[in-house]
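Report on the following structure.
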Amino acid sequence: MKRAILLLPLGIFLIVAVFLFRGLWLDPSELPSALIGKPFPAFDLPSVQDPARRLTEADLKGKPALVNVWGTWCPSCRVEHPELTRLAEQGVVIYGINYKDDNAAAIKWLNELHNPYLLSISDADGTLGLDLGVYGAPETYLIDKQGIIRHKIVGVVDQKVWREQLAPLYQQLLDEPEAR
């Protein structure tokens, strides 16, 4: 009995050490999303540049698209912005979600840095971000023609991320036949 009591702390230590050691090989930027394979959450939000124009989840259907969560307060969003602009110029459909931001600042940002978005919506109170499980900005979702979330990137979408992760999936979604 005394021996078991003495070995218990050692056993607990070994179990904790194994989990900590295993964690050294995990990618901290890889944050799984429970929404992969599920429809984009329902929303009805105004456009940043024209609040009378609204976008809903139904508007995301028809073509594969990127949905990019961004904010003027986000330094990493500024880093990825030129790549998003390049992709939009190549015909990639990109929607923006301006997350917890001031609308006037967002309009100024888009006017100064160019607007890569087919439409960017204002999620000023963060409700859609909460439904998406947003950890912060930038985050980018790849959705298919039916509005199903197929992939999520947490962090900057740069040329490497586009080339290695998103472009192959995007092309695959473009090549899929229409659902009947």
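Positions of Cβ are set from backbone N, Cα and C atoms, glycine also.
Under the DSSP three-state reduction, C77 (disulfide bond) is assigned to helix. Cβ environment of C77 (disulfide bond): W70, G71, A137, P138 lie under 8 Å away, each six or more residues apart in the same chain. Taken from Swiss-Prot, the feature disulfide bond applies to C74-C77, supported by sequence analysis.
For 34-175, the entry in Swiss-Prot reads domain 'Thioredoxin', with the evidence type sequence analysis. Counting residues of the domain 'Thioredoxin' (34-175) by DSSP class, helix then strand then coil, yields 53 helix, 37 strand, 52 coil.
According to Swiss-Prot, the topological domain 'Cytoplasmic' annotation covers 1-4, on the basis of sequence analysis.
The topological domain 'Periplasmic' annotation in Swiss-Prot covers 26-180.
Feature annotation from Swiss-Prot assigns transmembrane segment to 5-25.
For C74 (disulfide bond), the Cβ neighbour count at a 10 Å cut-off comes to 19, with all displayed protein chains included. Regional average pLDDT for the domain 'Thioredoxin' (34-175) in the model is 96.
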